[in-house]
Every structure is written in C-alpha cells, then in structure tokens.
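A quick write-up on the structure given underneath.
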Amino acid sequence: MKKRIKTFISIKVVPFIMQLIVRFIYLTSKKVFHHANIDSNEPIIVAFWHGELLMQPFNYQKLRPNTLVKAMISQHKDGEAITRTVEYLGIGSIRGSSSKGGAKALISTIKELKAKNDIAITPDGPRGPRFSVADGIVAIAKKSGCKIAIFNCKPSKYWQMKSWDKFVVPKPFGTLEFFIQEPLDISNLEIDEAKTLIKEKMLINAIV
C-alpha cells in the first residue's frame, strides 16, 4: 500500500506541482527571445544541455507553436516523472537513452523526424558528464538528414543544484533570455568532428 501511494505521488502529484511551478516562473519573468530564422517546413533536432531543460518547452513553443515535438527521456524511474511533467507543457516523449533502450529510441526518433515532427535531445543526459556530447545525436542527425538546432536559456537570477548537471532553476520575477541558433548541418562531418562542433555551439550561451 505504501509503495502504491509513493508511486502515485511520484508520477501523478509531483509532475502536476512541478508544471505549476514552471509556469509560475515563466509567467512572472520578463522574456527575451534571440531566435534565428528556421525553415518551418523542415523537422529539426532540438539540442539543449540537461541542466537547462526546465524552461525549454516555452522556448520551443515560441518558435513552433503548432508543431509536435517529442523529447528523448530516460527509461529510468525518474524519467517517468519527467515524462508526465513535460506532457503538461505540451511536449511528447520517446523513452530511451544511450545507456538503456537506445536502439529502440533511435528508431523511434527517426520515424518521428520522417513524419515531419521535431525531436528534442539532451546530448549530456541522462547521466553526464556535464557538457559532454554522446554519439546518439550525431547518429540521429546523419541517419535522418535533419539539422540540429541549439537551444539555451539564460535566466538573470537562478538557483543551481549540486547535481552532476548543475541543474538550473530560474527564480521568479527575473529575466529569461532564450536562444535558438541557426541549425547545424553535420552530414559531411566525421563523428568526432560533429560532436566537437555541437559542443562548441552549445557552450556559446550556456551557464557555465
């Protein structure tokens, strides 16, 4: 019984409260958007650091309010709570990561892109190291032929967790600067070259 209650709280109550908090932070903040011009007819691979993911649903919705996006989320039990939270914010999910369920998730992401839907990935998730770029995002970009759009969110004031990703929680009543760069085409690059380029671009507006 206790286990059922704990599970209910973790996958039902916590996500609902979390999305309310995220919405409150967004609504009470000044927003500044620095968005590159992106072809609305072409699906993209959205990339952002794991520690900056909290406000990215709003960054995406400002860019493409009428397009479906699905985020790759770990199959770990913590991933279920994240899945429920982002669903409240209009983001779908593909369960899997480089360490678990990776092959299935890779196939699913390519299918979504072929269907003209966008997908979102944290290249350093779900376990890090922080600011690392795993092979998965490169493989997806090469197999799908889609470009990678780098997303960042830089709040004027924030709390930073002591977790491996130094997770950022913006404080209310500040300023949120949202960045989306010109999409990267890595089709002609070797894997290591592509990973280096992606990391360099993602660090430009990152909270270090």
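Using the three backbone atoms N, Cα and C, a Cβ is placed for every residue, glycine included.
Here the transmembrane segment (7-26) has Cβ contacts under 8 Å with residues 54-55, 57-58, 77, 80-82, 84-85, 87-89, 169-172, 176 of the same chain, all six or more residues outside its ends. The annotation transmembrane segment is assigned in TrEMBL to 7-26.
The domain 'DUF374' feature in TrEMBL is assigned to 66-130. Residues of the domain 'DUF374' (66-130) grouped by DSSP class, helix first, strand second and coil last, total 25 helix, 13 strand, 27 coil.
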